[in-house]
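Novice: Submitted below is the structure of interest, expressed as structure tokens.
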């Protein structure tokens, strides 16, 4: 799906194929790798600007959210910020309140080119969480309206894309376009989990977003797995065995796809 926002294009995709990771050199954030680190510094546009000065553009940032939860998809986002219209206050999504993330989401999607891709629970079960996440990241990059010439991706893994890829450990706290992608991915996934909560009430997806908090574990043990749970994550395996339920399989994909399309229409 492609949408226009103030002259910029946005695309949303549902992930449906596996991808492999590659390891290579990367930017590293010293403050996150050593004890006694200094206070967090806000991400900057200096890495993108350095490439722009060399004539390398578009430059995208890419991040994902949802590797750790017991339920719901992984959501990846790729963002190309407009150097002349960068929203103020962009930061690692984890440092922001939910309300501030929502505000910045609207500003980013109104001024930047971006794309979002979903890796369903069925894909996660089939390919494993790492491969599904890397596939969604690559899918988001390839879905951008214009293929970037350089991509900064959060983490240590390269992704299979048709342009230069630079992993950045702790990138959502260093590279501004990665931070923007982290906000887009987080808000998109949170909204999706609220939709899935309507489809499967009782688990509290709207509050914990699928993460393994005590209330979620209690509901999982009491109700058994829903079609949105990841079959091979340990607490889900235990609940499935307790309820003698088969692996969830492909049934989650259609529901997530439907919910994703609904969310795309409202964002």
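Cβ atoms here come from the backbone N, Cα and C positions, even for glycine.
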Novice: Quick one: which of 146, 154, 157 does Swiss-Prot put in the divalent metal cation site with 63, 64?
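Specialist: Swiss-Prot names 154 for this divalent metal cation site.
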Novice: Look at the binding-site residues 63, 64, 154 and tell me which residue has the greatest number of other C-beta atoms within 10 angstroms of its C-beta.
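Specialist: Top count of Cβ atoms within 10 Å goes to 63.
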